[in-house]
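Q: Quick one: this structure, given as structure tokens, is what I'll be asking you about.
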Amino acid sequence: MKVTIDGQAIEVEPGTTILQAARMIGGEVVPPAMCYHSKLKGSGGKCRCCLVEVAKGSEADPRPMPKLMASCVTGCQDGMEINSKSSPRVQEARKSVTEFLLINHPLDCPVCDQAGECDLQNLSFEHGKSESRFIEEKRTFEPEDIGPNIQLHMNRCILCYRCVMVADQLTDNRVHGVMDRGDHSNISTCISKAIDNEFSGNMIDVCPVGALTDKTFRFKSRVWFNKPYDAHRDCPTCSGKTTVWMFGNEIQRVTGRKDEFHEVEEFICNGCRFDHKDVNDWVIEGPRAFEKDSVINQNNYVKKLETVVINTEETILLGREVDRKKISMAEIDYNEKIDGNPVNSTKNG
Amino acid sequence: MSQKILLDKVNIPGIKTYEVYRQNGGYASVEKALKTLTPDEVVEEVKTSGLRGRGGAGFPAGMKWSFIDKKSGKPRHLVCNADESEPGTFKDRYLMEYIPHLLIEGMITSSYALGANLSYIYIRGEYMWIYKILERAIAEAKAAGWLGKNILGSGYDLELYVQIGGGAYICGEETALIESLEGKRGNPRIKPPFPAVSGLWANPTVVNNVETIAAVPWIVNNSGADYAKIGVGRSTGTKLISASGHIKNPGVYEIEMGITVYEFMNSDEYLGGMSSDRPLKAFIPGGSSVPVLPAHLIYKTANGEDRLMTYESLSDGGFATGSMLGSGGFIVYDDTSCIVRNTWNFSRFYHHESCGQCSPCREGTGWMEKVLHRIENGHGREEDIDLLLSIQSKIEGNTICPLGDAAAWPVAAAIRHFREEFEYHIRFPEKIKNRDHFVAEPFESVKHLVSKLTV
Amino acid sequence: MERTHYKQEINITDSLMTRINELISHYPEGKQKSALLPVLHEVQDAHDNWLSFELMDKVAEILQIKPIEVYEVVSFYSMFNQRPIGKYMFEFCQTSPCCLNGVEDLMDYTCEKLGVKVGETTADGLFEVRGVECLGACGYAPMMQLGDSYKEHLTKEKVDQIIADCRDNKITLHDK
């Protein structure tokens, strides 16, 4: 099957979603996704960040789809033509969703452990505005303790349902879920039960925001001050393939290995995540690479560093020579032409 | 007197009971269908009738039936949507309470047409007493041999049960209803797959409104062609209208599609005009979700034609000057009512009823309610009106289910037709302190205050 | 969100269990979760109109589902109460068509008469006033739901009478 996204064509297997096709193409056509997670069955469709415009339904039925479609749950059809970033309607919708997700969000990035690897930060960076139109009081929730490993910050939650799916699909007894409804919906165990299943820590990795963070890493470091390494150990419960986050010789945090779409490659067990913080427990494979615009690269050394020379005196303080001449008007060339018109022509001004 | 096909027998004493219903020709459609028609022939009749879904969307019922997946060999289900909760709508309740066997009969005939052997009626939790009426009616029908194995010796089996909801407007959305029927939260599903392919327990399912199913017996007893003769154009048959607000005779009426709005509003057979001598200010023809119309667009369309009680005529002019027939929840406002307060009230409703699954609806409905609450309580800002328009446009079309649109449209329509009233609330907060501010001083008498000021 | 836990005496009688089993029989083998909503109604009606976590756990056990699945559902639907409530709960519909017919004044009147605010229970635990969204009685406004029935075309006099009837124990909340 052939689909075209923002003018770029690709061959895909039947059953591929638009989002998957876009990820195959890569780059700017990839819609943002906050709730979809390829390794969680039934995820997606909820956050509406990944809306795209289907300009041509298929070769057989070329009619455009009237509404924007959630690309993560819409299957490709042969001959389908999709507008993602290229469509102003799509851009507008993404801006709208970003605004909705942020109105009640506490915007507490400076004290949030997710900062630096937060999908909502990335989304607002791309589609957000610097000012809020929301002047009402923000919705807040009473805190709830869900055990020694995971910190729940309900005020930051965007209700992607991923953690509920992790509990459903990876563990045999889900003890937390989504309670209440509408904008009061919240993640809770209701009975303050510790979520202690041995795969429960994956809730942290799938959480796109700072609603579920690692209690053992709480306030220890900003993620970009850590050096992430791929590491593995012989684990009886899971694959043992992880990323360890180091500060000096100390492992401050262990997570699953996240790909460029921030999805873990393999889910890991709580043993690996919380109980093995000794460097000697791990075989370090090498530095973990992140996508190029990630702040985590701030402290990364995967790429070769090039020496940057800033000639302050010459280019900043003094300015370019040509400009200096013009500003002083001492040696102006009145016959210089811009776009075919003389500089001193009235057409310019 | 117009023709009645749903409520024609509703006044017969004892029609609630099986015996009386049967004596008056009840269950004839089941006999006719099971003995003389194939399921496909029943579907064909319903297609010919032009019957459209009466829950609000108006999708052709026969067409919906023909989509059901018969190839997979999975069990099929018919689910009746009796989760009536659209503000302004109370017609299904009337039908189920006073002539319950008509719905049961419709369910049997329709289930036969779809090849469904296990069907449900999903009724809203607050209608608890009707739930019990239906349970009794089903037991009577079963005792008389209309349900169970090998009905009338035809070889067709059907079990029918009532399921009670728990108080959630969203369960009127068909996939949320199915989730609820599976014992879950009423979160609408992502479509596709549509219920006709994967519905209740992933089986092919058709969900139809009470009134739609109740029309099927008449169509089978007479013919689809006869049904299509009633009404105008693509608005065939009769429609139940629930009327409320400032009118003389509120209640449920069965009308032939195509009578004029004027006749419906003013004739003694129907609403009998306004409840007092206060003038008509606005009306909503199809439940709270559809756009409100100001007085000058009620009886006549924008191009001067008579406004008729049909899907097409009520939506004539699009959203600029028209509205929608929706579920037939007819709400009438006189000049004592405040459009801002009413819009805030509806916004509160949608905020309360949003399931919270998708971001635009979860966050947007609450935001709109808060802004409208401020305006109504004298804390509005001039820019709030455009802010509301912007918020509603960001919800509309971007959500999983139609609740987002339903929350957005009333706000847009109120501002479109009554913008000056919003401005009045913002500029004269001291005048709107009491909730009945337009009773002593209707907007018409203070309108000049806003038209003079231009910002 | 931390939730307050209230104690409740649980009593699943034989007749209640019979009814629950009948409800479960309405669904195919293995689909007993579908009976959750009707079972919750029955159980709540038999337990002073509210559901404690212990009671919800009991329902989960009967239906062989996880307790969290019951909590999720109970908290979603507005008809299930998660705290002890007044015996006679006056649920006034406060959506637009009812407001056009004066329900707001009537609620004020009722609250004043009972000495409570909306959402509060009277000191004797007998009454509670709530404002709820559309109950589908727009043509018969103003109205309220009391137990399994609707009280429609309300006036102040009718409200007085209902309050008196409640005090005299003349009101049946759930018709079993």
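FYI, residue positions are counted from 1 along the chain as it appears here.
The backbone N, Cα and C atoms fix where each Cβ goes, and this holds for glycine too.
Below are the features listed in TrEMBL for this protein:
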- C:CYS93, C:CYS98, C:CYS134, C:CYS138: [2Fe-2S] cluster binding site (BINDING)
Q: Within 10 Å of the Cβ of C:CYS138 ([2Fe-2S] cluster binding site), how many other Cβ atoms can be counted across all chains shown?
A: 31
Q: So how many other Cβ atoms are close to C:CYS98 ([2Fe-2S] cluster binding site), meaning within 10 Å of its Cβ?
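A: For C:CYS98 ([2Fe-2S] cluster binding site), the count of other Cβ atoms within 10 Å is 30.
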Q: Tell me the coarse DSSP state (helix, strand, coil) of C:CYS134 ([2Fe-2S] cluster binding site).
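A: It is coil.
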Q: What kind of secondary structure is C:CYS98 ([2Fe-2S] cluster binding site) part of, going by DSSP in three states?
A: helix
Q: Given a separation of at least six residues and a C-beta threshold under 8 Å, show me what packs close to C:CYS93 ([2Fe-2S] cluster binding site) in the same chain.
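A: Counting only residues 6 or more apart in sequence, the Cβ neighbours of C:CYS93 ([2Fe-2S] cluster binding site) under 8 Å are C:VAL103, C:VAL132, C:GLU133, C:CYS134, C:LEU135, C:ALA137, C:ALA141, C:PRO142, C:MET143, C:MET144, C:GLN145.
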Q: Applying a 10 Å Cβ distance cut-off over all chains shown, what neighbour count does C:CYS134 ([2Fe-2S] cluster binding site) have?
A: 29
